[in-house]
Each structure stands twice: as C-alpha cells, then as structure tokens.
Amino acid sequence: MGYMCDFCGEQRSMVYCRSDAACLCLSCDRNVHSANALSKRHSRTLVCERCNAQPASVRCSDERVSLCQNCDWSGHDGKNSTTTSHHKRQTINCYSGCPSSAELSSIWSFCMDLNISSAEESACEQGMGLMTIDEDGTGEKSGVQKINVEQPETSSAAQGMDHSSVPENSSMAKELGVCEDDFNGNLISDEVDLALENYEELFGSAFNSSRYLFEHGGIGSLFEKDEAHEGSMQQPALSNNASADSFMTCRTEPIICYSSKPAHSNISFSGITGESNAGDFQDCGASSMKQLSREPQPWCHPTAQDIIASSHATTRNNAVMRYKEKKKARKFDKRVRYVSRKERADVRRRVKGRFVKSGEAYDYDPMSPTRSY
C-alpha cells in the first residue's frame, strides 16, 4: 500500500503535481485541478511507487512499477543491478488540465493495469471499477449478474437513482455495504478511488445511475421543462445522448447535490453534503450556485477598504500631476532673496573679505574711490 493522498488522506496517492509538490489520488486530482484555469496548467504525472515522494519518469514493464530518476538508477543502473539492468523501460509523459479517460488511456497506455490488477486495491475500488455507463445509457456490471430491484415507477426520472445495478446478495455488495436502502445514504463519492478507465464515469456524473434514469428520457430529462412553461422559460432541452461530462458542466466548481429520498441524505461530492430532493435539482449554472451558497459574493459590492484605497490613489495621482506642472515652470536664473541685505552688504567695510565693525581697521571700503592698504 502506498502513501496516502496529501489532500484527503484516505486514498492511495497515484498522481504527483509538480507545482503543488503534492501526491494526490485520482479523485482529488480531478477536484483540485478543475477549480480554475491556473490550476489546470499544472503539470502532473504518476508518483514513484518506490519512494512515493517524487514524480515518476519511467515505467518498468518487467516489474510493472513507475519509478523516479533516483529509484530507476538505484534499481537498474546500480552496483547490484546486473539482473535488472536489461529490464524494458518506457518514458512516462506528463499531462495538464482535466483529461478524459480516453486521453489518460492514450497517455498511459502501457500501465493501464495500475489499479485493475493491483493487489493493494480496496474492495470499494474494485466494485466501483466494475460499474460503467454504456452508450445505451444502461448501467452494466461486467462479470456480475445484473438484478433489478423491483419498485413502483414514478413520474420523476431522478427517482431511478435509488435502484442499484449491484446484486443484493452478491459478495461485492456485502463488501461495499451497498443495498437498496443505504446506497444513496452511505456512499460518499470522494472516498472512492478508481481505475483510469472509470475516472471519467464517476466524476463526470457524480455516480452511476441505473437503467430507470435513462428509460425516462436519459440525462436530458432532468433538465427538460413542461411544455406549458416553454413560452415563459426559453430553455433548450438537453439531448438524450448527452455525455456524462454535460451532467456536471458549470462555470464554477463542479458541485452536484441531489437525492431521490425525501429525508436528508449525506451523499457527498467534492466535499459538499447534499440535503436536497430530486424536485429541487437544478443545473449548476452561475445563478444556481448563488442560490445554493446563499452568501453575499465579495466581488459584487466594493468594501470600505476598496473605496479608501481608490481615493488615496486618486489623491496621489493628482499630487504627482501638480508636481510635474510646477517642475515645468521652474526658472534657474540668479535671484536675490533679500534685497535690503544685499544693498547694505555692498557698502560695508571689509578686512580680508569679512565685514568689520564701525571704528575697526579695514582694508577695503566700497565707498572710497581708492583702495586703502
């Protein structure tokens, strides 16, 4: 078992971020680096599986491990590495942004067994790794018989969320603690780390839904309005073939909190606990985010400090302009500041250039036509 994620501290770290100098699991990597445009530019790669503290640069195909430069040199080029020096190694490329599962597969095509065949993978990871969403929109589980929980159909498409595609009597369901009563109540998506090919499905749509969601019109049915309200609310309905990413698309943080039960639940995504019903579900646009937060945004109204700082800047700019205008009007000619002192100094007697008092000897008298020595 490797080191824990530096962000959540619950899942095994798999990705190393060079800018943050942090080891993250796939879940936290998606949540942290999708916050803004600056974080999407961070360069990330796999974490070294030997030291768990440095970014991996090569992948050893024989040992099936990712190694940093130091661990690669000590394991393959060291003094006691005669047998391992001929191992086949491949360079690991870095990535940035929030790539999809297909893009991650192309980047790390040589190490797709990283989580699937790992003996250190938890039972929860194994169970969620088997749950996928196919193109038809039905929840399939490979290798496990699909059993549908029989419940009366309702008019709300979101109520199909309570039906799980995991068999009630299967060993996987027992390990996961999943049943028809506590699937939405006890499963927290943040605490589940998954394989690379399942990275997009869970965090593109919060968690997998059963066939009941898609039988009632697909994902687009959650956002469609009644025909009676189309005249007042001009909102185009989403396509039934919408991808899982469109389920979560918003201009701010990807936060979705909903539940099909009337009681309060603790379904969590990105660390936010949802306490809403299916009827209250809304698209995570900029307007709905303000309704969910119900907090005054600091950038809407200027504070008193901003006003004071702006006034100080205006005063300073005006003073600089006045200084420049006075500097242009300066005159550098010689002027006498005290004319009366100048007139008296021109007629006083001196000795060696200094003024003398009345009655004392002097060597220069400006009033005398001839100089006395």
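Here the Cβ of each residue, glycine as well, is placed from N, Cα and C on the backbone.
As written in Swiss-Prot, here are the features:
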{"type": "ZN_FING", "residues": "5-47", "note": "zinc finger"}
{"type": "ZN_FING", "residues": "48-92", "note": "zinc finger"}
{"type": "BINDING", "residues": "Cys48, Cys51, Cys71, His76", "note": "Zn(2+) 2 binding site"}
{"type": "REGION", "residues": "152-172", "note": "region 'Disordered'"}
{"type": "DOMAIN", "residues": "316-358", "note": "domain 'CCT'"}
Extra residues within 8 Å (Cβ to Cβ centroid of Cys48, Cys51, Cys71, His76), Zn(2+) 2: Glu49, Arg50, Gln54, Ala56, Val65, Leu67, Cys68, Gln69, Asn70, Asp72, Trp73, Ser74, Gly75
Per-state residue totals over the domain 'CCT' (316-358) - DSSP helix, strand, coil: 20 helix, 4 strand, 19 coil
Binding-site residues listed as Cys71, His76, least Cβ neighbours within 10 Å: His76
Residue distribution over DSSP helix, strand and coil in the zinc finger (5-47): 11 helix, 11 strand, 21 coil
